[in-house]
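Q: Structure in structure tokens, see below.
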Amino acid sequence: MSAWFQRLYAPAFFFGFILTALYAVEGFGLRPHWALPPLLALSLAVSFASERALPYRREWNRGPGERGRDAIHFVVNEGLNLAGLALLPLAAAWRPWPALWPQSWPLALQLAAAIVLADLGLTLAHYASHRWPLLWRFHAVHHSVTRMYGFNGLMKHPLHQAIEAAAGVGPLIALGLPLEATCVLAFAIAIQLQLQHSNVDMRIGPLRHVFAWAPVHRLHHLRYGRAGDVNFALFFSVWDRLLGTAAQAPGYRVGSQDLGIGSHPDYPRDYAGQLLEPFRTRPAQAEPALPPALRAALAQD
């Protein structure tokens, strides 16, 4: 039974929740702001329960004081998302050109196109955040985690979230992406972030070459300097193959000792400290060396 759960969890979670969101908005005609928040809450409950039923790392289910901090990140960031969605009608009214987006397409087809295009923008913004020191200051908040579970996929500095939204969703809004499609896109991003950082011991097999789910993304959170500059994509692994940043580590199980920011191991763990840290200047420490077992696993890729 657990073997089936491991294989089916990621695709069932991804397609199950996103298709349900589509059906609620288009099939039932429910307003997104009424239908999607309860569905997102349900997805978090399923994520938490699944991580306890079959964890990748049992110790990652425990983080004293972190869940409250991550809850604040979630409330603030999702609140900002809702505020942005509420302003979309104004953005559409101020757009000085006619809508170029294919608004007559079925919502499912619009969402598929929006996910692909948004993923490209988000991936490039993510890549730039590891290359430009100013962007890294804000992105580092997300990389300070020393355990991975679905909820901390939503843990970001609000200014960096705004940068990512501008890069990934901004161009689509400028093209005329309708409100309903934008809302379901935001929901799909939240679902993918949970899967990407999940502590479920999932087995995704060949799907690792398509979707950037947790077995792929854990390597991105390595604390060993440039070793973590891999697997930037949010949804689809193809972008990393095109960027030359795709990586696998067959047989290696990432642990807490591998995560965090190697040059800044004392990164603040409280919400206020993480909010202010990008505006402070601290000397960097020497980055830890890549463990031999991990080096050997990466060499097999």
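Don't overthink the numbers, they just go from 1 along the chain as shown.
Glycine is treated like the rest: Cβ placed from N, Cα and C.
The model shown is predicted, which means the values in this text are computed figures rather than measured ones.
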Q: Of the ranges 8-29, 74-95, which one does TrEMBL flag as transmembrane segment?
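A: The listed stretch tagged transmembrane segment in TrEMBL is 74-95.
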Q: With Cβ-Cβ distances below 8 Å as the criterion, list the same-chain residues six or more beyond the ends of the transmembrane segment (74-95) that contact it, or say none.
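A: Here the qualifying positions are 32-33, 40, 151, 154-156, 158, 161-162, 165, 173-174, 176, 179, 182-183, 186, 190.
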Q: DSSP-wise, what's the residue breakdown of the domain 'Fatty acid hydroxylase' (112-245) into helix, strand and coil?
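A: When I sort the residues of the domain 'Fatty acid hydroxylase' (112-245) into the three classes, I find 92 helix, 4 strand, 38 coil.
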